[in-house]
Amino acid sequence: MWFLFLLLPLWAGCAEPGDSEWVHLPSKCEVCKYVALELKSSFDETSRTRELIDTRYGFLEDDKKKKKIKYTTSDIRLIEVTEGLCSRLLEYNLHKERTGSNRFAKGMSETFQTLHHLVHKGVKVVMDIPYELWNETSAEVADMKKQCDVMMENYEEVIEDWYRNHQDEDLSEFLCARHVLKGQDQSCLSEQGDSRKGDTGPSTGTKKQKKQGEKKNKSKKQNSGSKEEKKQMDQPMAAKEEL
């Protein structure tokens, strides 16, 4: 049995928020950057439907005259997107091997991928935190979610204005540069995303389905081949019976 002892500050949850050596809380720029990114993503996910919303309730004569409106321009879509927006930030992890705002990304960090692989190979990894807490939300990500809640409340009208009148403009520029970070540090907005990707979780099953499909095709070919051979063998037997 191999032993690996690590006393590295890999998990921010072990330290107090005031300990700068362990915890580097997200800046206002970083929070706004990922809030805008998740807003874009969520609006994009809900933009593909052609659903119509019926606004006629039939209680008043004026209500009967109202027409159906598109879901993509409705208040319902805006509410659904913004309501659970900050919870999406909890899908992020802290990647301490990266710099700048790229330290926040979805998927497992390279450091923890390596540690998990060592554990799966039978190496006993001893750290200052138990194995069960390796995948817990870090203090930085928890704080980003907290700041997001406040930001969404304070800039609700700005987001609504973009949704109704400025969807042709970049959301990061409109929300962060012009409003949230006006006159403040905006350097993180221009940082390019890290091309490295973490372990995003379990397989989607595509490869497995592909293999199963290949097996089915192979089985079909074998069955068709055996049927053909049987047919060829039956023909001489039938000829003998006729004789």
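Each residue, glycine too, has its Cβ placed from N, Cα and C.
What Swiss-Prot says about this protein:
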type	residues	note
COILED	136-160	coiled coil
COMPBIAS	226-243	compositional bias 'Basic and acidic residues'
DISULFID	C29-C188	disulfide bond
DISULFID	C32-C176	disulfide bond
DISULFID	C86-C148	disulfide bond
DOMAIN	27-236	domain 'Saposin B-type'
REGION	186-243	region 'Disordered'
SIGNAL	1-15	signal peptide
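Location within the structure of each feature annotated in Swiss-Prot.
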residue : record         : DSSP class
C29     : disulfide bond : helix
C86     : disulfide bond : helix
C148    : disulfide bond : helix
C176    : disulfide bond : helix
C188    : disulfide bond : helix
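Within its own chain, the coiled coil (136-160) is flanked in space by residues 11-13, 15, 17, 23-26, 28, 30-32, 34-35, 39, 78, 82, 85-87, 89-90, 92-94, 103-104, 174-175, 179-180, which lie at least six positions past its ends and keep a Cβ under 8 Å from the stretch. Taking the domain 'Saposin B-type' (27-236) as a whole, pLDDT averages 77 in the prediction. With a cut-off of 8 Å between CB atoms and residues at least 6 apart in sequence, the same chain places V31, Y34, V35, L85, C86, L89 near C148 (disulfide bond), listed in sequence order. Note: the Cα of C176 (disulfide bond) and the Cα of C188 (disulfide bond) are spaced 11 Å from each other. Contacts of C32 (disulfide bond) defined by a Cβ separation under 8 A and a same-chain sequence distance of 6+ are given as M151, S172, L175, C176, V180, L181, L189, in order along the sequence. Taking a C-beta cut-off of under 8 Å and a sequence gap of six or more, C29 (disulfide bond) has these contacts in its own chain: S101, C176, L181, Q184, D185, Q186, S187, C188, L189. Each of the disulfide-bonded residues C86, C176 was scored by how many other Cβ atoms lie within 10 Å of its Cβ, and the smallest score goes to C86.
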